């Protein structure tokens, strides 16, 4: 069915996704995109480096005047996901382009995502000049979870380490940390608090900003705590005054300023929100970039994310206030913090029809220590300047904002995408949230990416949305 929809509407749809949602996804993720290690090449007594990128398999390619060695490591299963009852393997191809023989070892080490080593092995390798060889590394079976694998090549004139992540029965992953007993009542009270705030919706058309046959509107409203928040809406121009447009609600990444989003799609309204403390919604909350994540976290009732989530719900209120918008067909989408906000919004507001989250942060927060630098480093800094606050207390407060705890209340079909090399949203933490979703769901994995998803995700998301909303 998706293929049929794609063949009929892909060109039109792809312009919207290419100019709009890819911005939501990639820009929101890129703020924290990391770098992998660098392969080291030994020649003439000097160390030479070449940048390795997590988005490529051939990370060990190094060239100079004397030749090069290419190492290519491919998991036995294409998506790097294995069953606990099946063999785990990596197929490694070595291509020696030197005019000299190379000898040494090919080895691997396996670690949990918390860097506990669980296995290692080494084999001897000999490569003739201008020759190639393939080696299969068979790895002992592991229990459910995700694991780092470091594949190390140490040759006469070349050293390299390829870093990857693989999973074992990820749908069996469960958090060891329960949802707070009063989680639902905490959020029900918060929703009640939002409900008494008059929204005072303001919509201003900006004729000079219109393009791609779309009208542009600046949106302003009051949210929790009587804070003013803002966003944008673009609507296709139409002479049909009765037409109701399905809505894409785009939510922002960490400290990302969202602007109006355009496209030539004639069927879809695009609404984006800058939550409090971000973009053009910084009237009362104007933190330093690194401070935003812990603002108010000493008290769960004052934490900035409590208000930010309510800002998203208030934007859904706005959508329901507009006659030209289709209230039955709303998709919420975002990456990184936007993915977190998407799941939180869908979990609290069942007016959402579809939820799409890419690399959502703050999953299984009590299991983050030992796995990630951010946001733990900033949390530690916050604790040092707040006497009496401990990491345990901080994480207790943060558990009311844990993505996995919102996921249990989602009622709409949900799409998630993650990069297995993500150093901010580890794969096993992501799966605690995904596995908690009690309704129809689909996960798309990117074994060679970090805190990002590939274009394929947005293409799939678009076909899925158009099929669900019957936009043919």
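Even glycines carry a Cβ here, placed using N, Cα and C.
Summarising the annotation, TrEMBL assigns signal peptide to 1-33. Taken from TrEMBL, the feature domain 'Acetyl xylan esterase' applies to 173-464. What TrEMBL records for 254 is substrate binding site. According to TrEMBL, the feature active site, nucleophile maps to 336. Residues annotated as active site, charge relay system in TrEMBL: 422, 451.
Known features from TrEMBL, placed on the structure.
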residue: 254; record: substrate binding site; CB count, 10 Å: 22
residue: 336; record: active site, nucleophile; CB count, 10 Å: 31
residue: 422; record: active site, charge relay system; CB count, 10 Å: 27
residue: 451; record: active site, charge relay system; CB count, 10 Å: 26
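The two recorded residues, residue 254 (substrate binding site) and residue 422 (active site, charge relay system), show a Cα separation of 16 Å.
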